[in-house]
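One structure below.
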């Protein structure tokens, strides 16, 4: 604005007009003094006209006035004074907000001259709101004059403009979308070795994350609420909040170097110092409120790291409880490494915070039980699909719990009741195989050799011996840490499984023999087919022989165990209970380990 050349010069903490006329009014703004003339000022500003008029009653040659409350301070008043004198000034997105607030404060309306400063700044603001980068710059400067900017609705207009652009496809309007407001055109299109122009990178949904991350938390919070109200997808909102949290909570970045953890530098070269722990704690609690509540929208890994940071920063109990609940809702998406949260403080027993994981698991189980149907017989097709999905999630969590128990089992301070409680939280039907829980039990028994026989019996009841794989059965049959009752169960069920397999193979073999005989008599099959079936029958017979050898090997292992155990006389009191060779598998029904206590009064097995 303006057309005249520079008519001001600065000397130390004072500005002087170089028009040649002596100054007749002085303005004091902080430590800065302005030696000006009355007429140019009163012709543009209603407030300055009143102040100068009141000061003229004192019959002094030079009026001295205080303007310490002017928005923007001395910098804004310098631009206002130059505007009043018609000196050329430049209005930019970085000074428009303070200049607009100062002009409002000084009552520079059109009553004191056409195209006065209020009208000029308001017109330029409307242009600023049409540009993404300029709007962000203007919003950042609102912090300096926040009360006046709020009163003039500049902050809300900036936020609404940004929210509208963030919620709209930027491709439709060709807005700057990367590198803090500038399109990325580093790649170029080349044809026949000749550069034909810049190639714009494809835009993604996260194009606005970095640009708005330089806003202060109060302004950023209002922007996030505005984009949510504008209909932005929850996963996009969550991505922006995650980006902001990782930038200002250094504890979230475990892989960051020491230099990155101590300071961060933005695109313009200014440094963002690491916030204090109190500021990080307040920021973390605010971040929790901004994250969408929908399940699966926020990554489970991020939530667990946020929980770990909340513990280190000693966030409020309600904040930690909310995080545990959110993790519990999507525990099936978690990874084992992220769940191994170290215990904080000095008076801790175990290395990892196992109680925290127990609470997370309880949240998951409560939600899973509430969503499961009472009877699958009366469910519709879509409900059956949902039930299958729920069972799959529960199976994944069961594997996760077994792996977690294997990791924490070597801790000598891990109490038996807590181990039992955590393992028993998962129902038996959620474990197709019990190899994982068997491995955890074996590690725990090895690290806690002082457990009593009764406790060993109780902990082994957590696994279903019928669901052990062949490798696990072989290991368990030779495991001296297991109670003898469990070893007998493992051998019994494995022998039953082998006999069932052998019987099934013989049945298939007989059917194939009959089919082959019928084919040969009917003359409808060729010689090659008969030879192929004959070779397959031979293969099956060889497999049956191998299974018989494995069964005999199991019997020999069982006899060795019987000889090495001192308390075998409890089991060999009755021959009918010990001799597995005389048992008819078709009459046996698998039972839980708990039922073996009734065998003493119930006769033969």
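Cβ coordinates are placed from backbone N, Cα and C, and glycine is handled just like the others.
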Annotated stretch (region 'Disordered', per TrEMBL) among the listed ranges 495-516, 517-538: 517-538
Model confidence over the domain 'NPH3' (206-497) (mean pLDDT, whole number): 83
Secondary structure content, the domain 'BTB' (23-93) (per DSSP, counts of residues): 31 helix, 15 strand, 25 coil
